[in-house]
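**Student:** Swiss-Prot feature annotations, pasted as is:
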- H111, H115, D300: Fe cation binding site (BINDING)
- L134, V135, S136, G137, G138, D167, G180, N272: substrate binding site (BINDING)
Amino acid sequence: MRVLGIETSCDETGVAIYDTEAGLLANQLYSQVKLHADYGGVVPELASRDHVRKTVPLIQAALREAGLQADDIDGVAYTAGPGLVGALLVGATVGRSLAFAWEVPAVPVHHMEGHLLAPMLEDNPPAFPFVALLVSGGHTQLISVTGIGEYRLLGESVDDAAGEAFDKTAKLLGLDYPGGPMLSKMAQAGDSQRFTFPRPMTDRPGLDFSFSGLKTFAANTIRSNGDDDQTRADIARAFEDAVVDTLAIKCRRALDDTGFKRLVMAGGVSANRTLRQRLGEVMAKRGGEVFYARPEFCTDNGAMIAYAGSVRLLHGASQTLGVSVRPRWPLADLPAV
């Protein structure tokens, strides 16, 4: 089965073609970072309009990359949520329209299920069961995963997601949008001993997160210590260490609670090298394994949507002609297959 995947949940337009026998055949991506940079964040209306301009050309490019024609596609998968409602509607409308025209089934895909399953695209995919750390600009969640659609929420952020905290703190440090990756690069030159940031909610039981206080702590530290280059690097290092330590502590607790030996990390922040190294050390000490996707599949992309859609379509999932999206959509609401 060859599935066309369309991702338009936020500020990346992603299109990919996944073959259940041959693997990934095409992957096209357009980022709107430059479009939104002057505003310091994503402007929903601008995002939607840009998806309108880019989605169909990217579909054409994906077909060319794969050497396929429209009648070679067996199904269409599109992100139906969570995300920006206008942006979601673009991908959903295009996906449903193509499925109707091509007379193939279409399936709505949960954006975070796409992230969760992205490591399945790698040569050494994780086996069930596992604990998943979904960590991005919009979500920070720990999930017990025992099968496709068998998801149990263990803990989540009660305020800012980790990726959001990275971007907001980067802005305080004078970095351009999106600042998270630049903050991590700056942190490499920082002194880990100069500042100590708190590890929020690690002093009590539970698996929930809170990152908004770290942003406030960073702002106060900047005001008290100036903003020369070395001080900014030291603050970036202290902030990143605090986030990574907090995530690692909560992952250990989740693994203890479930008894699982495998950890999957997914979402944009899972590309962070410091986080990968730390969780690799955690799992090595436990005699377990950690899995993650290659960096280009950590951020939003069409490949993860095409793959997740192929799994659902193989088990008979499809949707009627109606186009519906869900800006808010709990992962636990998905049916098992």
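A Cβ is built for glycine as well, from the same backbone N, Cα and C atoms used for every other residue.
Note that the structure is a prediction, hence the values are computed from the model and not measured.
If you look at the structure here, what lies around each of the features I listed?
**Tutor:** Classification of H115 (Fe cation binding site) by DSSP places it within a helix.
Residues within less than 8 Å, Cβ to Cβ, of G138 (substrate binding site) and separated from it by at least 6 positions along the same chain comprise C10, P82, A161, G163, E164.
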**Student:** Can you tell me how far the Cα of V135 (substrate binding site) sits from the Cα of H115 (Fe cation binding site), in Å?
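**Tutor:** With distance taken Cα to Cα, H115 (Fe cation binding site) is 9 Å from V135 (substrate binding site).
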**Student:** Counting Cβ atoms within 10 Å of each candidate's own Cβ, which of the binding-site residues L134, V135 comes out highest?
**Tutor:** V135
**Student:** Reported as an integer number of Å, what is the Cα distance between G137 (substrate binding site) and H111 (Fe cation binding site)?
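**Tutor:** Between the Cα atoms of G137 (substrate binding site) and H111 (Fe cation binding site), the distance comes to 13 Å.
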**Student:** Compare the C-alpha of H111 (Fe cation binding site) with the C-alpha of each of the binding-site residues L134, D167, G180, N272, and give the closest one.
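**Tutor:** That would be L134, the closest of L134, D167, G180, N272 to H111 (Fe cation binding site).
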